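Feature annotations, reproduced from Swiss-Prot:
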DOMAIN    8-43  domain 'EF-hand 1'
BINDING   ASP21, ASN23, ASP25, SER27, GLU32  Ca(2+) 1 binding site
DOMAIN    44-79  domain 'EF-hand 2'
BINDING   ASP57, ASP59, ASP61, THR63, GLU68  Ca(2+) 2 binding site
DOMAIN    97-132  domain 'EF-hand 3'
BINDING   ASP110, ASN112, ASP114, SER116, GLU121  Ca(2+) 3 binding site
DOMAIN    133-168  domain 'EF-hand 4'
BINDING   ASP146, ASP148, ASP150, THR152, GLU157  Ca(2+) 4 binding site
DOMAIN    187-222  domain 'EF-hand 5'
BINDING   ASP200, ASN202, ASP204, TYR206, GLU211  Ca(2+) 5 binding site
DOMAIN    223-258  domain 'EF-hand 6'
BINDING   ASP236, ASP238, ASP240, THR242, GLU247  Ca(2+) 6 binding site
Amino acid sequence: MADKLTDDQITEYRESFRLFDKNGDGSITKKELGTMMRSIGEKPTKADLQDLMNEADLDGDGTIDFPEFLCVMAKNQGHDQAPRHTKKTMADKLTDDQITEYRESFRLFDKNGDGSITKKELRTVMFSLGKNRTKADLQDMMNEVDLDGDGTIDFPEFLYLMAKNQGHDQAPRHTKKTMVDYQLTDDQILEFREAFRVFDKNGDGYITVNELRTTMRSLGETQTKAELQDMINEADADGDGTISFSEFVCVMTGKMIDTQSKKETYRVVNQGQGQVQRHTRNDRAGGTNWERDIAVGVASNIIASPISDFMKDRFKDLFEALLS
């Protein structure tokens, strides 16, 4: 059966197979099979993939090896729809720089480092790259590549989506720069995450008007709902009524200054005195108000304007300065 394939076809299939054989054991799962076939221009449905697996997976272990895959591909030659992208596969559409950028952004939001992201994380990754998508768009993207229905996609699947959707993106509303363009260090990202968590009370990855109000009140500030909504709107690039982590970072990095230090200290304006306190992460175990310090300290560190420009160390002034 394999003699029906040309040497070039076998080479292409072998390269794709190796790419998606994650653990290098010489076999792939149904989900990996679907991703691999799309990478070489095929468009199998879930039913098609199940039929292929049933046909090739002779021992019923849920995987197929390369010889089995070659037999399936040879047998099904001439029965597939013409690939949408002619001679080039999806991966060929991306430059090395694009792949590097996508890999960095993917890694940034792969929170547990398992090589996959959820739909919610996909939304954040897309925005960090300056690509705005509706919830319906994101669901369609997930449905297309999440063949096993586990609610996650891996990096090769993500690359496929990026290649397929090139040229269909709107410019980000905030700024021409995206989150990845700022080339933040791991320490800077950690600082942003800690500050973001102060606002994101329920930990769902978004700051709502109510969560913003709660945090502001804890800092001694009271605003009307309209004022709080204005603050949300300034940062809400995709118009969903909330601030995601990437939106939060994009706003704040717009006025970022270099504040890295070997001790990873946080500058905190001492209330009513205008003096600078320094708190390291070791203070977390002490008696300091860590949440307030990290919120104000991180913001203080990344504001381009001098601290003396602020009338108070209240976070209201700080936050409004960020959004101005």
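Including glycine, each Cβ sits where the backbone N, Cα and C put it.
Sequence features, as recorded in Swiss-Prot, placed on the structure.
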residue: SER27; record: Ca(2+) 1 binding site; contacts (Cβ under 8 Å, 6+ apart): ASP21, THR63, ILE64, ASP65
residue: GLU32; record: Ca(2+) 1 binding site; contacts (Cβ under 8 Å, 6+ apart): PHE20, ASP21, LYS22
residue: ASN112; record: Ca(2+) 3 binding site; contacts (Cβ under 8 Å, 6+ apart): none
residue: ASP114; record: Ca(2+) 3 binding site; contacts (Cβ under 8 Å, 6+ apart): none
residue: ASP146; record: Ca(2+) 4 binding site; contacts (Cβ under 8 Å, 6+ apart): LYS31, THR152, ILE153, GLU157
residue: ASP150; record: Ca(2+) 4 binding site; contacts (Cβ under 8 Å, 6+ apart): none
residue: TYR206; record: Ca(2+) 5 binding site; contacts (Cβ under 8 Å, 6+ apart): ASP200, ASP240, THR242, ILE243, SER244
residue: ASP236; record: Ca(2+) 6 binding site; contacts (Cβ under 8 Å, 6+ apart): THR242, ILE243, GLU247
Using Cβ atoms only, state whether the domain 'EF-hand 1' (8-43) and the domain 'EF-hand 4' (133-168) have three or more pairs under 8 Å that are 6 or more apart in sequence.
yes
Of the binding-site residues ASP25, ASP59, ASP110, GLU121, which one sits closest to GLU211 (Ca(2+) 5 binding site) when you measure Cα to Cα?
GLU121
Measure from the CA atom of ASN202 (Ca(2+) 5 binding site) to the CA atom of ASP59 (Ca(2+) 2 binding site) and give the result in Å, rounded to a whole number.
46
Quick one, of the binding-site residues GLU68, GLU247, which Cβ has the fewest other Cβ within 10 Å?
GLU68
Given a 10 Å Cβ-Cβ cut-off, pick out the one of the binding-site residues ASP61, ASP110, GLU157 that has the most other Cβ atoms nearby.
GLU157
Could you check the binding-site residues ASP21, ASP57, ASP59, GLU211 and say which one's CB has the fewest neighbouring CB atoms inside 10 Å?
ASP59
Helix, strand or coil: which one is ASP204 (Ca(2+) 5 binding site) in, per DSSP?
coil
